[in-house]
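Q: Mind having a look at this structure? Questions to follow.
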Amino acid sequence: MTNIRKSHPLIKIINESFIDLPAPSNISAWWNFGSLLGVCLILQILTGLFLAMHYTSDTATAFSSVTHICRDVNYGWIIRYMHANGASMFFICLFMHIGRGMYYGSYTFSETWNIGILLLFAVMATAFMGYVLPWGQMSFWGATVITNLLSAIPYIGTNLVEWIWGGFSVDKATLTRFFAFHFILPFIIAALAAIHLLFLHETGSNNPSGLMSNSDKIPFHPYYTIKDILGLMFLILTLMLLVLFSPDLLGDPDNYTPANPLNTPPHIKPEWYFLFAYAILRSIPNKLGGVMALVLSILILAIVPLLHTSKQRSMMFRPLSQCLFWLLVADLLTLTWIGGQPVEHPFITIGQLASILYFSTILVLMPISGTIENRLLKW
C-alpha cells in the first residue's frame, strides 16, 4: 500500500512542498529566511486577529481602544507588542531574503522574483496602513503626508487623494477603509506566497555556488526542517527579547499622543523599515520627482535580472561584485539613518549623495563589474 502522504490529494501537496522536496545539499543559513517569513506572516495574522476583536476603527475611539487592549484585555499588551514588533522582524527577514536573492543571483527565476516584488509592495502597503490604525500623532500625520504624495500625479492627483481619503482630509472614512484593507491584505499576501512557492518549486532552489544542483539533492525533511527550526528559535528569541524588554524601542514616542489635526509633530517620519525610501523621497526637491524616485527605489528590483551581465550566476566567486553589494548594503543603512534625521545641513547633502549612489550602484556599477569579471576570466 502506498504511503498516505504520497497518495492523499491534499497531503501529497504538503509532502511535495515540505517533506520529500529535493533541495540542494549546500544551501546556507541565508536560505532560512523564506520559512521565517512564513512564520512571521502566520504570527501577524493570528495576533492581528485577536487585536481586531477589541479594536474599533473610529476616530473617536481608536486610540482609547488600543489603550484598552494594553490595559484591560487579558495579555492584550503582549499581543499588541508582538504584532507591532513582529512587523519589524518581518521586514528584517524580508530585507535579508531580498539581499540573499541579489547576492546569489536567485533573481534569474523571473516568475518567483516578480511575485516576490509584488509581495514586497503588498507587505509595505499593509504595514503602512497598520501604522495608521492606533490613531496617534505619527499615525495621523504619517497617513496625511504619505497619501498626499499622490497629489503629485498630474491631472488626476488631487481627485485621487480625496478619493483615497473619502473626504477632504484624513478622517473617519480613511481610518475605516485602512482597517478594512489592513485586515484583508495579509490573506492576499498568503495567497501570493503560495504562488511564490509554486513557481520556486517548478525550478527548484538556487544554491550559494549558483551552479546546477540536480545531481546532488537531499530531501527537505529532516535536514532542512531541523535547520529551519533553529532559525525559528533565533527569530522567536529576538522577537521576545524586543517585546518583553524594550517594546517601544522601534516605535515613535509621538504615537502615544492622540491624533490632533491642529498640531503638527516636529519631525514626521515613518517606521524604521521605510526610512531608506523616505530619505530617497526627501532628497529630490521636486514633489513629483521625489514620488517617482520613491517608487523606483523598490521597482528597480524588477530590472535587476535584465542588468545581470556576468556569466556566473552567484557572487560567490566575484570579489568585485561582492564589494559593490556590500557598498549597497552600507548605502541603504546610511539612507535609513538619514531618513530619521531632520531636513537640514549636512543631512540633506548626505541623503542626496546616498540616493545617487543607490541608483548608480544597481544601474551602472554592478553591470560594469560583471563585464569586468568576465574579461578578467577571459570569457
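Glycine too: its Cβ is placed from the backbone N, Cα and C atoms.
Sharing the record's features from Swiss-Prot:
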- 33-53: transmembrane segment (TRANSMEM)
- 77-98: transmembrane segment (TRANSMEM)
- His83, His182: heme b b562 binding site (BINDING)
- His97, His196: heme b b566 binding site (BINDING)
- 113-133: transmembrane segment (TRANSMEM)
- 178-198: transmembrane segment (TRANSMEM)
- His201: ubiquinone binding site (BINDING)
- 226-246: transmembrane segment (TRANSMEM)
- 288-308: transmembrane segment (TRANSMEM)
- 320-340: transmembrane segment (TRANSMEM)
- 347-367: transmembrane segment (TRANSMEM)
Q: Three or more CB pairs closer than 8 Å, sequence separation of 6 or more: does that hold for the transmembrane segment (77-98) against the transmembrane segment (226-246)?
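A: When sequence-distant Cβ pairs are counted, the transmembrane segment (226-246) touches the transmembrane segment (77-98), since at least 3 lie under 8 Å.
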Q: Any idea what DSSP makes of His196 (heme b b566 binding site), helix, strand or coil?
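A: In the DSSP reduction, His196 (heme b b566 binding site) maps to helix.
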Q: At least three Cβ pairs under 8 Å linking the transmembrane segment (178-198) and the transmembrane segment (113-133), pairs spaced 6 or more in sequence?
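A: Yes, the transmembrane segment (178-198) and the transmembrane segment (113-133) are in contact.
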Q: Counting only residues 6 or more past its boundaries, what in the same chain has a CB within less than 8 Å of a CB in the transmembrane segment (226-246)?
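A: Long-range Cβ neighbours of the transmembrane segment (226-246): 29, 32-33, 35-36, 39-40, 78, 81-82, 85-86, 88-89, 93.
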Q: Long-range same-chain neighbours of His83 (heme b b562 binding site), Cβ under 8 Å, sequence gap at least 6?
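A: In sequence order, Gln44, Thr47, Gly48, Leu51 meet the Cβ cut-off.
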Q: Taking the Cβ of His201 (ubiquinone binding site) as the centre, count every other Cβ atom within 10 Å, in any protein chain shown.
A: 14
Q: What Cα-Cα separation, expressed in whole Å, is found between His97 (heme b b566 binding site) and the residue listed as 'ubiquinone binding site'?
A: 17
Q: Could you list the residues of the same chain, at least six apart in sequence, whose Cβ is under 8 A from the Cβ of His182 (heme b b562 binding site)?
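A: Long-range Cβ contacts: Gly48, Thr126, Met129, Gly130, Leu133.
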